[in-house]
Amino acid sequence: EDPSLERHFKGHRDAITSVDFSLNKKQLASGSMDSCLMIWSMRPQMRAYRFVGHKDAVMCVQFSPSGHLVASGSRDKTVRLWVPSVKGESTVFKAHTATVRSVHFSNDGQSLVTASDDKTVKVWTVHRQKFLFSLSQHINWVRCARFSPDGRLIVSASDDKTVKLWDKTSRECIHSFCEHGGFVNHVDFHPSGTCIAAAGTDNTVKVWDVRMNRLLQHYQGNAVVNSLSFHPSGNYLVSASNDSTLKILDLLEGRLLYTLHGHQGPATCVAFSRAGDLFASGGSDEQVMVWKTNFDAADYGDVLKTQKSGASVDRTHHTLQSEMDCGVHLKKTKTQDASRNQEQQEEETSLANTLEHIMGQLDVLTQTVSILEQRLTLTEDKLKECLENQQKIIQNKMS
C-alpha cells in the first residue's frame, strides 16, 4: 500500500528546517527559519506549543531518546535544551562561534554532538551541558553530524565536500569520503551502524560501507537532496528534495519505491518515527506533514515489538499535564487545508461529476432495456394469442 498523508500542521511563519518525532509518537518537533521551535501533538484536538527563545533561525531540532528534552541549534550560535511541556522552559549555551546547523543525541541520551559554520564538530555532556571536545579538521561549514547507534563513531558532512568518520574515543578522523560531486547537506548512520547515507547537492543519495569504506549504493535524482532518514528496519530510506518531492528508496532492492508530492516548493527535511510507521516532512512552504508509512508492515513488525517494550518503560514519566483543547486551531487548519487541497478537490469533484454522468447514462440504458423487455414480452404475448387463435380457427374448420 502506498504511503498516505495523515496530518498536516500549519503555524510556522517561514521555511521549516527540521522535524523529529518523540519516542512515543505523541509529539512532533519542528524548527523553522521563523526562529521558533514548535511541538505538535499527534493526538487530535490538542494544542501545539510555540517555543520562543532563539534570536535567529532554528536550523535543527531533535528529541532526546527518552523524549524528555528537545535540543535545538540556531543561527544565533547557541544550542538550547527544552522541556517539551506547556511552560517550554529551556537552558541555553553558547555552543559555537557561528550558525549551529545540526544537533544529535547519542542513543544513551548522555552526549550531544553539534556541527557548525565555524567548521567544527563539538561533543557535549547533556545533563551538565559541559563541553567535552572539538573535532576540527573540516575546512568549511559543517552541515551535519551524527553519532553511530553504538555511540563509538561520529560522522560529519561539510561544505569542504568531504564526509568524515571519527572515532569518539581517540577523537581521530578514521576516514574521509571525498567522492561527492557537490556539498553534502545531510548524513546519517544506518540502524545497523555498518553504513552511512549522504544527501548531496549533486542530486544524489549515496550509501557507504564504513567498515570497508566503499560506496555501496548510488541513487541519482533530479534535484538537490536536502535531507534523509533511515527506516528503523534498515530496509528503506526516505529523502526530501528541492523538486518538492519525498522519495522512498528500497535499500534491499536498490531501487526507488515511491515518489510523494505534498509540498509546494522545496522539501527541506524528513524523518521517520522511532517505530517506522510514520514519517514527517517539512518544506519551505511553512508546512509540516505527517505521513503513514503503509508499506511492508510485516517487515518492521519485529522492530515495532522491540520499540513497544522500550516505550512501556517510558510511560511512567509524566505526560503533558495542561494540554488544552484546541478545536479552533484544528478547524483553522482544516480551512487552510481546503485551500491547499483545492486543486485536488476540484479534480475529485470533476471526477465525481463524470462518474455521476456515467451513472446517469447507465440508468437511462437500464430503463431503455427494461422498456424493450416489456415490449418484447407484450409482443410475445400477442404472438402467442395469435397462434392460439389460429389453432382454434383451424380446429373449428376441421370440425
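All positions are counted from 1 along the displayed chain.
From the backbone N, Cα and C atoms, a Cβ is placed for every residue, glycine too.
Among the features that TrEMBL reports, repeat 'WD' is placed at 9-50, 51-82, 93-134, 135-176, 177-218, 225-259, 260-292.
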Taking the repeat 'WD' (93-134) as the reference, which of 51-82, 177-218, 225-259 gives the largest number of Cβ pairs under 8 angstroms?
51-82
Tertiary contacts of the repeat 'WD' (135-176), as residues 6+ beyond its ends and Cβ separation under 8 Å:
98-99, 101-102, 104-108, 111, 113-117, 119-123, 182-189, 191-193, 196, 198, 208, 210, 213
Tell me the residue counts in helix, strand and coil for the repeat 'WD' (260-292), as DSSP assigns them.
0 helix, 20 strand, 13 coil
